[in-house]
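Quick one: the structure is below, questions incoming.
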Amino acid sequence: MKDNLERAKLMVSSTVFSWLLLCLFAVTTSVSVQPTCTFPAIYNFGDSNSDTGGISAAFEPIRDPYGQGFFHRPTGRDSDGRLTIDFIAERLGLPYLSAYLNSLGSNFRHGANFATGGSTIRRQNETIFQYGISPFSLDMQIAQFDQFKARSALLFTQIKSRYDREKLPRQEEFAKALYTFDIGQNDLSVGFRTMSVDQLKATIPDIVNHLASAVRNIYQQGGRTFWVHNTGPFGCLPVNMFYMGTPAPGYLDKSGCVKAQNEMAMEFNRKLKETVINLRKELTQAAITYVDVYTAKYEMMSNPKKLGFANPLKVCCGYHEKYDHIWCGNKGKVNNTEIYGGSCPNPVMAVSWDGVHYTEAANKHVADRTLNGLLTDPPVPITRACYRQ
């Protein structure tokens, strides 16, 4: 009797184990048979973290030594080389994005970049000449996209030159394109300058709702795949330390970053993720990926040596000593001696390029940590981001 009972238990256990293996095989097979997403184009919206020449085309061109590493010349990027959006294009086998505002040498066959340095999600009552805030807020970038989409359709039917038509997007490919967002940091920076902490925190839901409206706009025009970056730990930007003096106890965290600013960034990210989850329910045909660049960037602050970096708070380009500050690419006098704010000898070891923006090496780390799905929700690589989870 006892032996029969034991045999029965073994049979049940074996059946359950076999069933679990079958389910695992079915899930694995289901995932493996999904073909890699083929994105014909990328349309990007953002700020200087992903601007490939927009603000430089609209205002004063970015000068040397920006771009010295990879491109060997300034290209309108706030870095010594490539940005995360460039690594996204590489991963998808697409050319680097031309800035929408760049009128010369642009090719929009495989997408366009509407991002500009200093952009915010919400419109700000400031000018770029005051605090560096771009006039091209997210709603303006979406309006530019609307116009771009409509005008490119018209031009495609009017232009007779095959060479010129090859620089225009195909209308049927807008629905298959990848739409990327990397914006929000400047909204928080402006808030810290103009509001109390409580006032700024109270504006976060509205800021995030403006971003959600942008996603809805593109969805209504046929866009289906969205790759949404959260905001980085802007309390770790070395510029925060330039004029700080001796910080009060508890002002900085263990990595030397401004705690209050990073806490606000995390609050923004919490609300953004919540909004992305709700958008998935609302936009039933959309595949929306939330991308945690905050963690990828903070890793470089907390474990720089492990990742191959030197002091992450040390600025690579520019001259910053005590009370003397000469920004990257500029000249100034220190003790009656002219100083050029040039590049450090080994940017690949640096995290911060100019005190505000990241080096190519840092941007590559962010790309490596996010494009494979390790820091995304849902946890899918960008090459499978077109599938709704």
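All residue numbers here begin at 1 and follow the chain in the order shown.
Any Cβ shown, glycine's included, is placed from N, Cα and C.
Predicted, not measured: the structure shown is a model, and the values here were computed from it.
According to Swiss-Prot:
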ACT_SITE  Ser48  active site, nucleophile
ACT_SITE  Asp354  active site
ACT_SITE  His357  active site
CARBOHYD  Asn125  N-linked glycosylation site
CARBOHYD  Asn335  N-linked glycosylation site
SIGNAL    1-30  signal peptide
Where Asn335 (N-linked glycosylation site) and Asp354 (active site) are concerned, what is their Cα separation in Å, rounded?
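That separation, Cα to Cα, works out to 22 Å.
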Comparing the recorded positions Ser48, Asn125, Asn335, which residue's C-beta has the most other C-beta atoms within 10 angstroms in this structure?
Ser48
List only the single closest residue to Ser48 (active site, nucleophile), chosen from the recorded positions Asn125, Asp354, His357 by CA-CA distance.
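Its closest listed neighbour, by Cα, is His357.
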Quick one: Cα separation, Asn125 (N-linked glycosylation site) versus His357 (active site), in Å?
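Checking the Cα atoms of Asn125 (N-linked glycosylation site) and His357 (active site) gives a distance of 24 Å.
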